[in-house]
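If you check TrEMBL, you get these features:
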- A:C39, A:C40, A:C105, A:C134: [4Fe-4S] cluster binding site (BINDING)
- A:39-147: domain 'NADH:ubiquinone oxidoreductase-like 20kDa subunit' (DOMAIN)
Amino acid sequence: MGLGVESVFGDSVVTTKLDTAVNWARSYSMWPMVFGTACCGIEFMSVAAAKYDLSRFGAEVVRFSPRQADLMIVAGTISFKQAPVLKKIYDQMCEPKWVISMGACACSGGFYDNYTTVQGIDEIIPVDEYIAGCPPRPEAVLDAIMRIQKKSEDESIIKERAKNFKGYLDA
Amino acid sequence: MLKPDMIVNPSELKSTIKNLKDKESFTLLLDITAIDYLKFPVKQPTRFALVYILRDASFKKSVTIKTYVDDATLSVPSLTDIYFAADWAERETFDQYGIKFEGHPNLKRVLNHHQFEGHPLRKDYNITDRQICTETEGLMDEMPKLLTSKGYTQQEQDDMMYLNIGPSHPASHGTIRNFLALEGETIKACVTEIGYLHRGFEKSCETHTYSQIIPYTDRLNYCSAILNNIGYCKTIEEMLDIQITDRAQFIRVIIGELSRIIDHIVCNAANMVDLGGLTNFWFIFSARDKAYDLLSKLTGARLTNSYTRVGGLEYDLYDGFAQDLEDVLKAVEQGTVDALSLVEHNRIFHDRTQDVGVITKEFAISAGITGVNLRAAGVNYDIRKTNPYYHYDSFDFDVVLGSHGDVYDRIMCKFEEMRQSIRIIRQAMKNLPDGEVNVYAPDVLLPAKKDVYGNIEGLMNQFKLTFEGIKVPQGEYYSATEAGNGELGFYVVSDGSGTPYKVKCRPPCFYALGAYSKIVEGGMIADAVVTMASMNFIAGEFDR
C-alpha cells in the first residue's frame with residue numbers, strides 16, 4: 001500500500017504551503033454537478049462510462065446535489081425558461097466552485113439563434129472553461145477537467161473566486 | 001399539388017372527426033398543428049388553418065384534416081373529450097399560434113414560459129426576439145383543480161405533501177418537471193411541466209434551407225440521431241417525388257437499426273441504474289461505445305451524425321465496414337446476455353418492475369402513444385410492418401409485443417427489439433446491393449467537387465443549392481417513420497422556395513409524456529422514477 005514515498009520519508013513530518021496541500025487535494029477530488037439538459041448530457045454519460053473513465057481524474061463522484069459538488073458542468077442547451085433554475089443551482093453550490101461550459105449551446109447558444117435559447121451561459125453565471133464541439137468528444141471533456149485541475153492548483157484558498165461577476169439575472 | 005386529405009368548416013370540424021373516429025375507426029390522434037398563412041405566396045381564405053392528423057385502427061391509413069380558422073374569433077372547438085392526446089396537442093398549438101380551443105379544460109402554455117408574450121410561430125414574430133424570464137411556474141393553478149376533481153376536500157389537500165421532481169433532477173433523465181401531491185409515498189396527483197429544453201426547432205426550420213435542417217433533426221432525439229435524419233429526408237424526398245437508390249435504402253436500414261439499438265441501450269441502461277443496478281449499465285454501454293466508434297468512422301461524428309442527405313447519403317460505407325459492424329453486433333449480443341443474466345431471474349427486479357406503471361391498450365391509443373410503449377401494451381403497431389418503407393417488407397423480423405404494458409414489458413420489449421434489429425442488419429448486409437448511394441438529381445444534390453472546381457455548371461449548381469436550397473413543390477405533406485420512440489412524423493408546408501414555410505415535427509414522446517401523469521397517479525414515487533425511465537422521454541424530442 002501507499003505511494004512508495006513512505007520508504008523515503010518514513011513517518012517524518014513534511015512541510016508545505018497550506019495552499020499547495022489544499023489545492024493538491026482539491027484538484028484530484030473534483031465532485032462534478034452535471035447540469036445535463038440535452039445531447040451533451042448523453043456524451044457526458046460516455047465520459048463517465050468504462051471507456052473514457054472519468055474516475056482516472058478523481059472526478060467520478062457525480063453529485064446531483066449542488067451542496068455536495070464543487071465543479072459544475074453545464075452540458076446542454078440552456079433556454080430562458082431554464083436559466084433561473086441554472087442560476088439557483090449555481091448559487092447553492094459552496095465555494096470554491098468551478099464551472100465548465102460543455103458544448104456549443106452552453107458556450108454560445110450554438111446554432112439555436114432564436115427566441116428561446118440563452119446565447120451562452122456566461123450571461124448568467126461565471127464560466128472557467130469552455131469546451132467546443134456539438135457535442136464535444138469525451139476526450140475534450142477530460143481535457144477541460146485537466147485544465148480545471150491546473151487552474152485549481154494555482155489558486156489561493158484565501159481569495160474568493162469570481163466575485164465581480166454580474167449576469168443579467170443578478171439583481 | 002400536395003394537399004391535405006380533407007378540408008372542413010370549423011363548425012363541422014368536431015362532428016367530422018367524431019364521425020371518423022366512430023364510423024371509420026380513426027382511433028389515433030397523431031398530431032394537431034396550425035399554419036400561419038400571413039406570408040404565403042398564394043392567398044388563403046383566412047390567416048390561420050388548423051391541421052389534424054389521424055390514423056385508423058389498422059394503422060395502415062392516415063388522414064390529414066384541415067380547417068380554416070375564423071380570423072375574428074380565432075377559436076375552434078376542443079377535441080379533448082374525444083381524444084386524450086388532444087390535451088397537450090391543443091395547448092401546444094395555443095402556445096405557439098395563439099389559437100383558442102373552446103371547451104379545453106386547461107388551455108395554457110406548454111412549451112414556452114408563462115411570462116412569455118406573443119406567439120413565437122406566428123410569421124410576424126421575429127425569430128430572435130428573446131424574452132428574459134425570472135420567475136418559475138408555481139403550478140398551483142393546476143394542482144388544486146386536479147385534486148378537487150379527484151374528490152379531495154380542502155382539509156385533505158392541506159395535509160398533503162407537495163414535491164417537485166425536476167426540472168433538474170437525476171431521475172428525470174432530462175429537463176422534465178413533475179409536481180406531485182403525496183400522501184406518504186403514494187402519488188395522489190401529478191402535474192407535468194415541460195418546455196425547459198424548448199429550442200425553437202420549428203421556428204429555426206423556417207429560416208434555413210431544407211438541407212440545413214438536417215443537423216437540427218439530429219438534435220431532436222439525440223440518442224438515435226440517424227433515425228431522425230431518415231424520417232426528415234424521407235418526407236422531403238416524397239415531396240420531391242424522388243426514389244432513392246436501393247443501396248442508399250439498404251444503408252439507411254442498416255444504420256437506422258443500429259441507431260435504434262443504441263437508443264434502446266441508453267434507455268435500458270439508464271432504467272436499470274434507476275433500479276440500483278449499475279453493473280448492467282457498464283455491460284451494455286461498452287457495446288454502445290463500440291457502435292459510436294463505428295459511427296464516427298463512418299460519419300465523422302459520434303452522436304449527432306447528420307448522415308443522410310435529401311436524395312441519398314453523405315458517404316458510402318468505408319472499407320472494412322462489414323467487419324466493424326459485425327464486431328459491434330457481437331458486442332451488443334454479449335452485452336445484452338450479460339445484462340440480462342443479472343436481472344432476468346432476479347426477484348427484486350421482478351418486484352420492482354412487474355405490474356408497475358401499467359399502460360392499458362385503450363388508454364395508450366387515446367393518448368397517442370406509439371412505438372415500444374404501445375407495443376409493450378400489446379398493440380401490434382410498427383410502421384415498418386404496417387406501412388413498409390425501404391424494403392422492410394422483404395426482411396424477416398418480428399414485431400415485439402408485450403402483454404401487460406408495465407415497466408417489465410417495456411424493458412424486455414426493448415431488449416428483444418435490439419435482437420430483431422440485429423436480425424434485420426445481418427439480412428441487409430447479406431443482400432446489400434452495389435451501385436451509387438445518391439440519385440442523379442442536380443437540382444437536389446450537391447455536385448461532385450471536381451465539377452465545382454472544374455466547370456461553370458458545377459460551380460453554379462453548388463452556389464444555387466447552397467444559397468437558395470432545394471426547391472420543393474408547393475403544398476403540404478405528412479410522412480412518418482418508425483423512430484426509436486415510435487411514430488416520428490413530419491408535416492411540411494412548402495411555398496415553393498428553398499426554405500420550408502413550416503415544419504411540424506410529430507414527436508412520439510411528447511404524447512407519451514402527456515399521458516405520464518395519469519400513468520403514475522396512485523403509484524409510489526420510486527415507481528414513478530422507473531416508469532419515467534422505461535418510457536424513454538428525450539427532452540430534445542418533446543420540447544423540440
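One-based numbering along the chain as shown.
Any Cβ shown, glycine's included, is placed from N, Cα and C.
No curator has checked TrEMBL annotations; they are predicted automatically.
Note that the coordinates shown come from a computational prediction; the quantities given were computed from them, not determined experimentally.
Where TrEMBL records a feature, it is marked here on the structure.
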residue: A:C39; record: [4Fe-4S] cluster binding site; DSSP (3 states): helix
residue: A:C105; record: [4Fe-4S] cluster binding site; DSSP (3 states): helix
residue: A:C134; record: [4Fe-4S] cluster binding site; DSSP (3 states): coil
Open item on the list: So if I draw a 10 Å sphere around the Cβ of A:C40 ([4Fe-4S] cluster binding site), how many other Cβ atoms end up inside it?
Closed with: 31
Task: Local confidence of the domain 'NADH:ubiquinone oxidoreductase-like 20kDa subunit' (A:39-147) - pLDDT mean - done: 88
- [ ] Tell me, if you would, which residue among A:C39, A:C105, A:C134 (binding-site residues) has the fewest other CB atoms within 10 Å in the structure shown?
- [x] A:C134
